[in-house]
Amino acid sequence: MTKLSVNINKIATLRNARGGNVPDLLKVAADVQRFGAQGVTIHPRPDERHIRYQDARDLIDVVYTEYNIEGNPMDDFMNLVLECKPTQVTLVPDAVDAITSNAGWDTVKHQAYLKEIITEFQRNNIRTSIFVDPVLEIIEGAKVTGTDRIELYTEAFAHQYGLGNHKAIEPYTKAAELANSLGLGINAGHDLSLDNIEFFKQNIPGLLEVSIGHALISEAIYLGLENVVCLYNQKLRD
Ligand SMILES: CC(=O)[C@@H](O)[C@H](O)COP(=O)(O)O
Ligand SMILES: NCC(=O)COP(=O)(O)O
């Protein structure tokens with residue numbers, strides 16, 4: 001069974017739009033777990049445009065499944081993760097002004113840097129995962145960093161699959177086979193959705209966890225919209 005970790009960034013985006021506490025991020029985190037998610041993911045960004053650093057702290061008492069914090073390991077992020085002690089930290093090399101995560105690590109070029117950071121998190125009993133493209137040298141480089149897991153960056157797969165190009169899965173399958181042979185755990189995420197998740201899962205041996213946010217929250221809106229419009233109409237009847 002592959003674990004589903006729900007990324008709740010978008011709930012915080014919606015909350016921040018009005019400055020209050022609707023929707024309630026902590027309630028959503030509690031609810032997704034009650035509904036069956038095996039993990040909660042957040043990606044606090046330096047500008048706190050969605051998840052705030054205080055949210056990461058408040059979630060410690062709410063997340064009783066796997067708590068996964070993603071981000072670029074700059075000093076503030078490192079300190080936050082070491083304070084929160086989540087189940088897993090996922091290191092993502094995104095620029096401060098990136099709209100969303102848009103690249104995996106170059107695990108060859110940044111090997112010494114990653115090794116040092118990974119060692120620090122592991123010393124604090126935090127499992128590590130690093131965000132990578134499905135490139136064989138990059139997977140080999142990831143092994144040398146000492147990371148427990150990799151997270152396959154699935155944007156390219158999701159995009160191509162949406163265009164009908166099912167062959168786009170091939171580099172991911174090969175990367176997963178190599179990761180398995182090297183003893184690296186495999187996570188995956190970015191733009192996974194109800195449309196592509198089944199095919200992805202079927203083609204990735206040993207897929208331990210997927211973190212899904214943007215599509216899942218959008219799908220929740222669509223799948224809940226009919227119900228909510230009906231509920232309003234019931235209350236508005238003469
Ligand atoms: C690491 C990754 O793939 C991300 O998808 C991410 O956590 C989403 O971040 P945003 O919600 O800020 O786009
Ligand atoms: N690690 C990927 C993640 O948490 C969610 O990415 P997305 O589903 O919002 O694209």
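The backbone N, Cα and C atoms fix where each Cβ goes, and this holds for glycine too.
For His43 (among others), the entry in TrEMBL reads active site, proton acceptor. Residues within less than 8 Å, Cβ to Cβ, of His43 (active site, proton acceptor) and separated from it by at least 6 positions along the same chain comprise Asn7, Asn9, His50, Ile51, Ile69, Glu70, Gly71, Val92, Ser101. His43 (active site, proton acceptor) falls outside any helix or strand according to DSSP and counts as coil.
What TrEMBL records for Glu70 (among others) is active site, proton acceptor. The number of other Cβ atoms within 10 Å of the Cβ belonging to Glu70 (active site, proton acceptor), over all protein chains shown, comes to 28. The DSSP secondary structure for Glu70 (active site, proton acceptor) is strand.
Per TrEMBL, the feature active site, proton donor maps to His190. Of all Cβ atoms in the protein chains displayed, 25 besides its own lie within 10 Å of the Cβ of His190 (active site, proton donor).
Summarising the annotation, TrEMBL assigns 3-amino-2-oxopropyl phosphate binding site to Asn7, Arg18, Asp191, Gly213, His214. In the shown protein chains, 9 other C-beta atoms lie within 10 A of the C-beta of Arg18 (3-amino-2-oxopropyl phosphate binding site).
The 1-deoxy-D-xylulose 5-phosphate binding site annotation in TrEMBL covers Arg45, His50, Thr100. Around the Cβ of Thr100 (1-deoxy-D-xylulose 5-phosphate binding site), 14 further Cβ atoms fall within 10 Å across all displayed protein chains. Classification of Thr100 (1-deoxy-D-xylulose 5-phosphate binding site) by DSSP places it in coil, neither helical nor stranded.
Sequence annotations record features per position, and here TrEMBL assigns site 'Transition state stabilizer' to Glu151. When secondary structure is read from DSSP and collapsed to three states, Glu151 (site 'Transition state stabilizer') falls in the strand class. Glu151 (site 'Transition state stabilizer') counts 30 other C-beta atoms within 10 Å of its own C-beta, drawing on all protein chains shown.
Gly213 (3-amino-2-oxopropyl phosphate binding site) and Glu151 (site 'Transition state stabilizer') are 15 Å apart (CA-CA, integer value). For Gly213 (3-amino-2-oxopropyl phosphate binding site), the recorded positions whose C-alpha atoms fall inside a 10 Å radius of its own C-alpha are His190, out of Arg45, Thr100, His190. Ligand 2 lies within reach of Asn7, Gly213, His214 from the binding-site residues Asn7, Arg18, Arg45, Gly213, His214, judged by a C-beta closer than 6 angstroms to any of its atoms.
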